[in-house]
Amino acid sequence: MYLLLAVLPAIFWGINPLIIKKINGHTSNEMFGTGLGALITSIGAFLIVGNISGLTLLTFGLSFISGAAWAIGQLGQFMSFRTIGISKTMPISTGLQLTGTSIIGVIAFGEWTGVINKVIGFAAIIVLIIGVYVISKTGKQTKDQNIKDYLPLFITSIGYWVYSCIPKAINVNGLQLFSIQMLGTFTVAIIYSLYKNNQVVKQKQSWLNIIPGILYGLASLAYIFAARKVGVNTAFVIGQLNVVISTLGSIFILKEHQKGKDLVKTISGLALILIASCVTAFL
């Protein structure tokens with residue numbers, strides 16, 4: 001039962017990019033839908049929690065910033081879906097997230113205690129980077145095109161690092177944290193979408209994108225409960241299967257054109273990223 005709960009985040013996170021691509025809206029539509037979906041799940045989480053007693057202004061503010069930072073990271077993914085495709089975006093984004101959060105965890109929070117753990121951990125990061133590099137080299141692109149297309153994903157990944165690291169620095173109930181994070185996500189997403197597209201509220205794609213927005217929120221809630229029951233490490237490793245679902249789904253369902261050597265490179269790079277992420281989870 002609890003393992004099934006742990007699988008739900010992988011499924012929901014994995015199919016989200018596929019649903020978003022099928023809806024075929026603009027980045028502003030995707031951010032708008034994500035923002036409203038985040039707000040709906042935030043309200044749901046608040047109803048479960050019942051109150052926000054015990055929260056200080058500082059913990060509320062940091063939780064809000066954490067969610068806002070996630071929205072920035074998600075914006076980079078949405079932009080990259082169009083420039084480099086889902087089959088590249090998802091594994092590369094996962095690799096960047098794990099690399100950044102792992103290094104920050106070691107430096108700021110003293111994770112990977114002991115020399116052996118640090119050696120294994122940094123070796124895993126090298127494997128992650130190799131996996132990202134292999135995937136980035138699929139397709140025919142010039143050096144300038146590579147830099148231009150990948151730069152937004154690299155820069156906005158900082159948002160994911162902030163999102164992941166702030167909760168480690170504060171003492172707050174998981175559901176309280178989540179409900180406030182989603183408010184931060186909602187705020188940034190709505191501001192961006194209205195700024196970029198003053199017709200966003202009138203467009204059908206904006207409202208359809210509430211579906212993946214809610215799925216993201218439900219996946220995050222399921223992850224919180226699963227981590228309590230099966231352990232954080234197990235829940236994390238199972239959750240990483242989302243990148244397999246989204247990457248292979250984009251290739252075989254959405255028909256993103258990857259054949260021959262490119263397909264081999266993508267699957268090989270994906271395998272390296274997954275192996276490295278599993279190693280870092282248990283250090």
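Every residue, even glycine, has its Cβ placed from backbone N, Cα and C.
Counting same-chain residues at least six beyond the ends of the transmembrane segment (45-72), those with a Cβ under 8 angstroms from any Cβ of the stretch are 31, 34-35, 38, 156, 158-163, 166-167, 169-173, 175-189, 192, 217, 221. According to TrEMBL, the feature transmembrane segment maps to 45-72 (among others).
Annotation comment: TrEMBL describes 92-109 (among others) as transmembrane segment.
Annotation comment: TrEMBL describes 115-135 (among others) as transmembrane segment.
Counting only same-chain residues 6+ beyond the ends of the transmembrane segment (147-163), those with a CB under 8 A from a CB of the stretch are 65-67, 69-77, 79-80, 83-84, 89, 92-93, 96-97, 100-101, 104, 136, 141, 181. What TrEMBL records for 147-163 (among others) is transmembrane segment.
The transmembrane segment annotation in TrEMBL covers 175-195 (among others). Residues 28-29, 31-32, 34-36, 38-39, 41-43, 45-46, 48-49, 52, 54-55, 60, 63-72, 74-75, 163, 167, 201, 206, 217, 220-221, 224 of the same chain lie 6+ residues outside the transmembrane segment (175-195) yet bring a C-beta within less than 8 angstroms of a C-beta in it.
Taken from TrEMBL, the feature transmembrane segment covers 207-226 (among others). Counting same-chain residues at least six beyond the ends of the transmembrane segment (207-226), those with a Cβ under 8 angstroms from any Cβ of the stretch are 2, 5-6, 8-9, 11-13, 15-16, 19-20, 23, 25, 29-30, 32-38, 40-42, 44-45, 174-175, 178, 182, 235, 238-239.
With a threshold of 8 Å between CB atoms, the same-chain residues lying at least 6 positions outside the transmembrane segment (232-254) that come near it are 3, 6-7, 9-18, 21-22, 85-87, 90-91, 94, 223, 226, 263, 266, 270, 273-274, 277-278, 281-282. The transmembrane segment annotation in TrEMBL covers 232-254 (among others).
Look at TrEMBL and you will find 263-282 (among others) tagged as transmembrane segment. Residues 87-88, 91, 94-95, 98, 102, 120-121, 124-125, 127-128, 130-135, 137-138, 233, 236-237, 240, 243-244, 247, 251 of the same chain lie 6 or more positions beyond the ends of the transmembrane segment (263-282) yet place their CB under 8 Å from a CB of it.
For the transmembrane segment (115-135), the list of distant contacts is 88, 91-92, 95-96, 98-99, 102-103, 106, 265-266, 268-273, 275-277, 279-280, 283: same-chain residues at least six beyond its ends, Cβ to Cβ under 8 Å.
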